[in-house]
Amino acid sequence: MPGMSIAPLTRTDVLKRAWPLVFANAAVPLAGVTDTFVLGLSGETADLGGVALGGAIFSVFYWSFYFLRMGTTGLTAQADGAGDTAETQRILIRAFAIAGLLGLALFILRDMIAWGGFAVLQGTAHVEEKGAHYLLARAWGAPAALGAFALSGWLIGLGRNGATLALYVVFSLTNIGLDLWFVLGLGYGPGGVGAATAIAEWVGLAVGLVFVALALRQQGGWAEGATGRARLMEPGALREMFQVNINLMIRTWSLVIGFTWFANAGARQGTAPLAGNHVLLQIISLWAFVLDAFAFVAEAEAGRAFGRRSLPALRRAVRLTGEPMFAAGAVFAVATFLFGADALALVIEDADTLAAAQAYLPWCAIVPFLGAGAWLMDGVFIGTTSGRILRNAGLAAVAVYLAADAILSPMFANHGVWAAFLIFYVARGATLAAAYPALERRLQPAPTASDTEAKPSA
């Protein structure tokens with residue numbers, strides 16, 4: 001089946017493909033809010049603390065493998081753009097197999113992960129016990145969680161964003177329902193929260209497999225050669241997938257280091273600035289749900305243009321996904337400036353935390369617009385599977401950020417922390433923007449001998 005975007009991409013196409021991803025992005029944190037809500041109603045402080053610690057440990061490994069989603073999207077979109085249905089299907093099989101093996105490894109090593117994680121975080125014995133109950137129950141869903149990364153990446157790469165929405169909505173609703181039953185109804189505590197999430201992840205995976213089956217049917221079933229062992233294990237294709245995923249993992253870790261450093265830098269300023277920064281970061285995360293949706297569309301459309309070897313299609317994808325990203329970023333920035341202080345007063349009771357959050361709100365308000373370029377370029381380079389460029393840009397950006405924080409934080413306290421954090425976003429976007437002309441040159445045909453001969457001599 002040829003790629004879905006043979007006709008030129010339009011602004012309407014971008015909006016139609018982005019809105020399901022906005023809600024899909026929001027569905028996962030909604031389940032986390034429910035975890036906190038039910039434990040807050042029924043549990044003790046140690047229950048919440050245990051889930052916070054256990055969740056932090058699991059998330060380090062869980063999100064380290066998010067490259068499965070990104071790499072699968074880019075490779076699938078390129079194969080789809082090239083009209084190579086068999087290769088899109090081989091990418092699905094390879095990605096799903098890798099996800100299953102990595103998820104199985106997480107499950108087998110769950111006790112070691114728990115032991116090592118709690119040794120580093122060092123909570124009280126009671127909190128660690130609660131956290132272990134959560135973590136060990138949650139680990140049963142690890143293969144399904146990573147498998148869902150592969151499936152959602154494949155579906156996004158084909159432009160089937162409604163299917164991705166359905167997968168994560170079903171996951172979230174199942175998780176919420178089981179949370180209420182296991183914790184409020186049966187009193188299972190943190191272990192019940194972990195079990196609810198694990199079961200929901202398997203249910204979400206099942207839904208994803210249903211939509212994959214529907215997509216395969218619309219492709220006319222398995223293409224000739226798609227499931228042959230020789231083509232599946234082709235060294236060149238495996239090497240490309242390995243290199244892309246390793247580079248994306250390093251890039252992901254560089255961003256994790258940056259955000260962890262931001263939290264630590266806030267902690268050095270005192271309890272109130274730390275708490276205020278944490279609240280403001282949640283506002284940024286909220287805006288990122290929307291902007292990331294356009295970045296996902298940019299991934300698929302840039303990848304599809306790359307697969308078609310079409311420079312005009314790439315430029316059109318960048319422009320038409322960038323326009324709503326920057327427009328939305330500007331709207332969110334203005335809304336945060338105008339209404340952020342009042343919104344913070346509604347959700348923060350502690351006076352010191354509220355004062356800190358409101359004092360640094362203007363910095364937070366700039367992020368949606370300033371960060372739009374970084375998110376857009378992320379999407380373009382992920383879609384074109386330019387893993388080496390993403391890796392180098394991520395490492396360079398975090399180095400610039402750490403240097404900026406070392407200079408600005410001692411001089412301007414928490415204002416310096418925020419200034420350095422904004423420089424991090426600028427560096428992320430600027431390093432990738434600097435590499436974009438080289439990306440375009442990869443789609444420009446090399447000059448032929450006749451072209452060279454036709455040029456007049458100097």
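A Cβ is built for glycine as well, from the same backbone N, Cα and C atoms used for every other residue.
Taken from TrEMBL, the feature transmembrane segment applies to 21-42, 48-68, 91-109, 139-158, 165-188, 194-216, 248-267, 279-298, 325-348, 360-381, 393-412, 418-439.
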Exercise for the section: Determine which residues of the chain contact the transmembrane segment (325-348) at the Cβ level, with the cut-off under 8 Å and only residues 6 or more beyond its ends counted. Expected result: 279, 283, 287, 290-291, 294-295, 354, 357-358, 361-362, 364-373, 375-376
Handout entry: Stretch contact, the transmembrane segment (248-267) with the transmembrane segment (139-158), Cβ-Cβ under 8 Å, 3+ pairs
Key = no
Handout entry: Which of 48-68, 194-216, 279-298, 360-381, 418-439 contacts the transmembrane segment (139-158) most, counting Cβ pairs under 8 Å
Key = 194-216
Exercise for the section: Mind checking which residues of the chain, 6+ beyond the ends of the transmembrane segment (194-216), have their Cβ under 8 Å from one of its Cβ atoms? Expected result: 31, 35, 51, 54, 89, 92, 133-141, 144-145, 147-148, 151-152, 154-155, 158, 160, 163, 166-168, 170-172, 174-175, 178-179, 181-183, 188, 222
Completion exercise
Per the Cβ filter (under 8 Å) with a sequence gap of at least 6 from its ends, the transmembrane segment (360-381) is approached by 273, 276-277, 280-281, 283-284, 287-288, 291-292, 294-299, 302, 314, 317-318, 321-322, 325-326, 328-330, 332-334, 336-337, 340-341, 344, 389-390, 393, 414-415, 418-419, 421-422, 425-426, 428-430, 432-433, 435-436, 439
